[in-house]
Each structure stands twice: as C-alpha cells, then as structure tokens.
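Quick look at what TrEMBL lists:
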{"type": "DOMAIN", "residues": "23-288", "note": "domain 'NADH:quinone oxidoreductase/Mrp antiporter transmembrane'"}
{"type": "DOMAIN", "residues": "290-342", "note": "domain 'NADH dehydrogenase subunit 2 C-terminal'"}
{"type": "TRANSMEM", "residues": "5-21", "note": "transmembrane segment"}
{"type": "TRANSMEM", "residues": "56-76", "note": "transmembrane segment"}
{"type": "TRANSMEM", "residues": "96-115", "note": "transmembrane segment"}
{"type": "TRANSMEM", "residues": "152-171", "note": "transmembrane segment"}
{"type": "TRANSMEM", "residues": "178-196", "note": "transmembrane segment"}
{"type": "TRANSMEM", "residues": "202-219", "note": "transmembrane segment"}
{"type": "TRANSMEM", "residues": "240-258", "note": "transmembrane segment"}
{"type": "TRANSMEM", "residues": "278-299", "note": "transmembrane segment"}
{"type": "TRANSMEM", "residues": "320-338", "note": "transmembrane segment"}
Amino acid sequence: MNPQAKLIFITSLLLGTTITISSNHWIMAWVGLEINTLAILPLISKSHHPRAIEAATKYFLVQATASTLLLFSSMVNAWSTGQWDITQLTNPASCAILTAAIAMKLGLVPFHFWFPEVLQGSPLTTGLLLSTALKFPPITLLYMTSHSLNTTLLTTMAILSAAMGGWMGLNQTQIRKILAFSSISHLGWMAIIIAYNPKLTLLNFYLYSLMTAAAFLTFHSTKSLKLSTLMTSWTKTPTLNAALLLALLSLAGLPPLTGFLPKWLIIQELTKQSMAPAAAMISMLSLLSLFFYLRLAYCATITLPPHTTNHMKQWHTNKAIPSLIAALMTTSIMLLPISPVMSTIA
C-alpha cells in the first residue's frame, strides 16, 4: 500500500476516534464512527485476496447496520425527550436499540458472528486495530450512557459472550480466529460491569489492549498465522516466545500477571453489588478461554513439531526484540504490583 495513503487512513482513524470520544451530540458521535469505518476498510482489503475483500464487505455491512441502529435510537430519544445529548438517553426503547447497536459494533454475543471472519481475512496489524483501537469509541459511548442501560440485558449478553468466546475458540487452529474469540470473551467481562462501575470497564479495556497488542505484534514479528507455524517459531526468536508464554497466560487472567487485576476487581465489584452468582458463572466460563490460551502457549514454547527430521526449521536470529514489543510485554506481565494505585484510580 502507498505509504501516503496509509498515513491518510491512520490519521482518519485517529480523527474519527477523537471526534466520537469527545462529542456530546449523537450526530457528531455517529460521524466519528463512520469516519472510522471508512478508514479501516482499505486497510482490511489491502492484500486484494478474496478472503480480505470478503472480510471488508462483511465489516462494512455490519458497521453500516450498527450505525443505522445507533442513529435511529438517538432519533427516537430526541423525539420523546427533545434531547440530542449523549448522556440524556432516558427512553427505554432507545436504550435497548442503542445496546444492540453498540453490541454489533463491538462484536458482543449475539452479534458476534462477523468478528472472527473479518479478523481472519485481515492482516495481523489491521486485526490489532480492529481488536483494540476501533473498539474504543463504542466503549466510550457505553461509558457515557451506562447510567441508563438495562443491566439485565447487559449481564445476559456478557455471560453469553464469555461462554461463546471460550467455547468457540476451543477447536480453532488459526491464530487470528483464536484472538477474535479471546476478544469476544474479554468483552463479556467489560459488559458485565459497565452499569455498576464504568471505570472498571475502561481499566479492563486498557489492560486488554496492552496484552493483545503484545500478542499480535509478537505473532506479526514471527509471521505466525496458525498453530503449525507457531510450533516452529521458537527456533527463530526463543526469548520472544518465552515472553509470549507469559503474555498469553496474562490474557487468560492468571495471577500474578497483569491480566488477573481487572478480573479480580470485577469479581470484587460484582460481589459488592449482590451479583455473586453472575461473578461465579463468568469466572467458571473464563476457564474455557484458559484452555486455548494454554494451547497457544504450549505450541509456542513447550512442544516440538512432529516429524522434525523432515521439517524445515526457521533460522535462529540474534536480532534484538523490538523495543515496542519489549515494553508491551513488560506491561502485560508486571503491572499487578501497582494494582493498589490502579484500583484507587478506578
């Protein structure tokens, strides 16, 4: 892709995200989301592969539908209350339609079917943007309207997302699809707490973005797209693969790694809100995700490929780990000791 064109698209993504997260008016928020959608489409389809074109088409159709629903919910609310302010969403029908629209934008169950297919058709760097940066504007809209959302609906969608994200990722061999189902599962944790403590949702999203960026950039560095290629990547960069093991376990939420922090705080908050059964259920469902994270970690660091005599190993390189990946790995693994500071902020 032309570097100037790529710069324009990345700048447009930054502009669209900034417009949405800083707006108070529904129309401006909608404009920002549309700019984001149009800017990411060329980045998805830049390889001109039929699967990439299919992914871009699916993404466009889903996002256009979600934007239409969002605009419709804001119009219904404005019609009944005379308010276009995002924080003044009081009409129950508007709240339900908005929840569906944001769930479609994010890929929450039952609107999750597009996300694994789009991620599978995209390059790893574009997949990283789809999993992190493009989820930020819809999450900020949920944050601003969290006081008026239906908690029962959100809790149901969250538990279903944790279940489907874990269950459907079990049998996957493609790394991008595994990361897509991982994202759906993490979104369940964010959605279940948004109505009770919205700051915890943002904290969870920030830490998830750090850990996912570390995983995506590592896979991009080792050029691993499926489990069979991941098995041979340890010969190329052993140190990076050893760090990847810890980053994947952090994504799974195991102590004493960074990923344990948001799960710990969310379970604590749910228990305070007399929602211990929901906390127990979503905690048990996260064990499904743990299985495929362990599978990825096992393939990356612990196992050898079958038929080693006939298998061509990649050359070992003494190339230093890129500083960005090193920084992301460090934050993905070692932020738990400063959890008192984070919980104070949250």
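Numbers here mean position along the shown chain, with the first residue as 1.
Note that Cβ sites are derived from N, Cα and C of the backbone, with glycine treated the same way.
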When each of 96-115, 178-196, 202-219, 278-299, 320-338 is checked against the transmembrane segment (240-258) for Cβ pairs under 8 Å, which one has the most?
320-338
Touch test for the transmembrane segment (278-299) and the transmembrane segment (96-115), at least 3 Cβ pairs under 8 Å:
no
Using a Cβ cut-off of under 8 Å, list the residues of the same chain at least 6 residues beyond the transmembrane segment (5-21) that approach it.
28-29, 31-36, 38-40, 42-43, 129, 133-134, 136-137, 140-141
Per-residue pLDDT averaged over the domain 'NADH dehydrogenase subunit 2 C-terminal' (290-342) comes to what?
77
